[in-house]
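K.L.:
Input: one structure, supplied below.
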Amino acid sequence: MAFLAYSLGKREINQYFSIKNAKLLSVAAVILLTLFHTVSRYYGGGDTCEWLLSSGRYLGETVWQPYGCMMHKYKNTEAKTCLADKRVAFVGDSRIRQLFYSYIQIIDAAQSADGRKVGLVPLSDCLLFLNNSLKERLISWRKVKRSTFIQQTWGVFIRAHIATCYWSIKLHGGSSEALQQYRANLTAISLPLEQLAEDGEVYWVLQDPVHEEGLSDNRKMITNEQLELYNKVVLSTLNSNKKNSKARVRFLGALRQAAMEAIAQSADGLHLPESTRNVAAMVLMNAVCNKVLRPTDGSCCQSLPAPSLLQKLMACVFLGSALVFLVLHSRPTPPDVESGEEKKPATAASPLNHKAPFQALSKMGLIMVYFYLCDRANVFMKEQKFYTHSTFFIPLIYMFVLGIFYSENSKETKLLNREQTDEWKGWMQLVILIYHISGASVFIPVYMHVRVLVAAYLFQTGYGHFSFFWLKGDFGLYRVCQVLFRLNFLVVVLCLVMDRPYQFYYFVPLVTFWFVVIYATMAMWPQIRQKKANGSGMWHVGILGKLLGLLLFICFFAYSQGLFENIFSVWPISKLFELNGSIHEWWFRWKLDRFAIIHGMLFAFVYLVLQKCQGLSEEKGEPLFSTRISNILLLISVVSFMTYSIWASSCKNKTECNELHPYISGLQILAFILIRNIPGYSRSLYSSFFAWFGKISLELFICQYHIWLAADTKGILVLIPGNPSLNIIISTFIFVCVAHEISVITNDLAQVAIPKDGGALLRRLLVAGVFTLGLLLVSRSAEGIQGGGH
């Protein structure tokens, strides 16, 4: 009965929830969310600088998340670069002095709290009252052009010097007359402040709360109610000139929110804990420097960059394709001459009609608009990642429960059959996605296990392509171009649309490189395939010789970093493998999993030979080996898994563990294959849930960069603000639908772009080569002009 209910439940779900319906829902969701965010920004204010300064929340105990944007954690070299040509003045009492020292410690962490200056950033005298001397100081500062002034009214009573209301409240007992005098003094300096803001940047730090129970007796008159009154005076008095939008004093209110959660930890009830001051200092640094240095993970206070020439060209290509499709679509379908009926649409197996490529490109163009809106336009919000064990392991448990729920009988019971490899790729990809969005790379045990999953992908690349060339012996150009097109189409489009280098999407260059290596290894003389090897055992020795040569080739480059860098730094090869002007990232990725491919090829060779010799039992329900051997191998595999997990948990740093990873990852992959395939019942089942994701695993991996994550994977895309759980559900739903549609588009275009006719294929390759060379030359010229300008 339970099994019947289980089967009926799955059937009911599949009946009403198809991928077509899901895509329609995702399109509707994208349109509604885009309208919502556009209207919200237009009417509710879309200035990310205001978001940064005004509100936020804590992620954990010390990580501050501004509302709707990402805050970069500045290093000392970055801060010095940003402030090199600026003058910074902090004006206030002892609390502003504490903020000042937190600020300069970003520049110089060794700076002590009793120092007077650091580098080019002098500390202004601490002014406690609002009076004529402060007004004169502000006027004199205005003469210094392009200055940055961080000013604070430490408290609501900014007495005559932009100082603090605390002293006003303390000296006057919180009287209403003192508040009115504060308003008058603030009005007197408001014009000089706003004039100063025309040439520089003026930030007014609103009063943060005190811990009333922790205040000493001589400070008991300072209450949070009094402080709020002074804050209201500041907000109503400054920026009264609405006509001049440039002359605006910005208010730092985020510190108040941060202080509300931390003021109870204050030693005296008045001064903030160091962690809270550090948050305020980093907020100010982001407000000043993000627009100058434009860090990828600092989306607050950044304006939109102008589209590049290539981005404009891509927009024209997609728009042109859409126009051509509309013209062709408007023409009536010619009737069949013999039957008098209209021609039926082509099936997936039949050749595409002349409208299909333009339709596919039109869809791709619309999808790229969504990519651009998510990660290049200020439409949707972005937030920082923050790792906790629950954000990684709870979704992981849900995922595997769903995978088990969709277990089905496999059509074949061979080792690593197609359904099983799709399942393998699917669950690995889902684990990697959860790993990325949860920021789990900071937890070394998880990081090391995910490194094995990446190696397993490359293992499958070696296994799959070796098996094809060994069994089929097809080394034709058509097969090679099909594989390269399917691997690279999406990435090439994204490189042009999102203005990112090819190496940025590191996994595709890695898989592409190793596919070319496998092809070269198998295609070079003598070409050996299984049919030829069956006639003589010497051909088996020959293929082992090829694998040994490949191993020596890998080892040679692994221990010759200088030669490796010299080869891949040569133009135009460097354009494929450089990231930020260096190939260090390519070297790191290549070296980390350098043996995974050859492990996959060697495993495929041994398995296919054993299969041919009938050394394996692959019938349904039967173990792969004899009972005794199967039990021994299963025990060794389980022990291997446990040993690796214990070792990964003991890792102290990533660098040391990464050094051992290439040598031991293959053992874990082999252990998994044996555990998954030795028992006959295990080999007879597979998860259709995981297999479905496995078929679009490449698209999932690439699309996550811009429409699930954000800021080029540094943050998280926020479609539903204020509700992280619902946001993840909605953004994931859209993300998966987009990835599936891109997979369909890629397959459709591959049929058109890669013809089976050899002559037509060569002509298209020639055109593609000339076009690519032209793009590289244009890019190189643009870089030269830019470099000359600097």
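Along the chain as shown, the residues are counted starting at 1.
Even glycines carry a Cβ here, placed using N, Cα and C.
Caution: TrEMBL annotation is automatic and unverified by curators.
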K.L.:
According to TrEMBL, which of these ranges is transmembrane segment: 14-32, 356-374, 660-678?
P.N.:
660-678
K.L.:
When you check the transmembrane segment (728-749) against the transmembrane segment (483-499), do you get at least 3 Cβ pairs under 8 Å, counting only pairs 6 or more apart in sequence?
P.N.:
yes
K.L.:
Determine whether the transmembrane segment (690-708) and the transmembrane segment (483-499) share at least three Cβ pairs under 8 Å, counting only pairs 6 or more apart in sequence.
P.N.:
yes
K.L.:
Can the transmembrane segment (594-610) be said to touch the transmembrane segment (427-448) if we require at least 3 CB pairs below 8 Å and skip pairs under 6 apart in sequence?
P.N.:
no
K.L.:
Check the transmembrane segment (537-559) against each of 386-406, 427-448, 483-499, 505-525 and return whichever range has the most CB pairs under 8 Å.
P.N.:
505-525
K.L.:
Given a Cβ distance threshold of under 8 angstroms, which distant residues of the chain, six or more beyond its ends, lie next to the transmembrane segment (505-525)?
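P.N.:
Residues 454, 457-458, 461-462, 465-466, 469-470, 475, 480, 483-484, 487-488, 491, 494-495, 546-547, 549-550, 576-577, 579, 585-586, 589-590, 593, 597, 601, 698, 701-702, 705 contact the transmembrane segment (505-525) from elsewhere in the chain.
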K.L.:
May I ask for the residues of the chain that lie six or more residues beyond the transmembrane segment (631-648) and have a Cβ under 8 Å from a Cβ within it?
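P.N.:
Tertiary neighbours of the transmembrane segment (631-648) are 444-445, 448-449, 452, 625, 657, 664, 667-668, 670-672, 674-675, 678-679.
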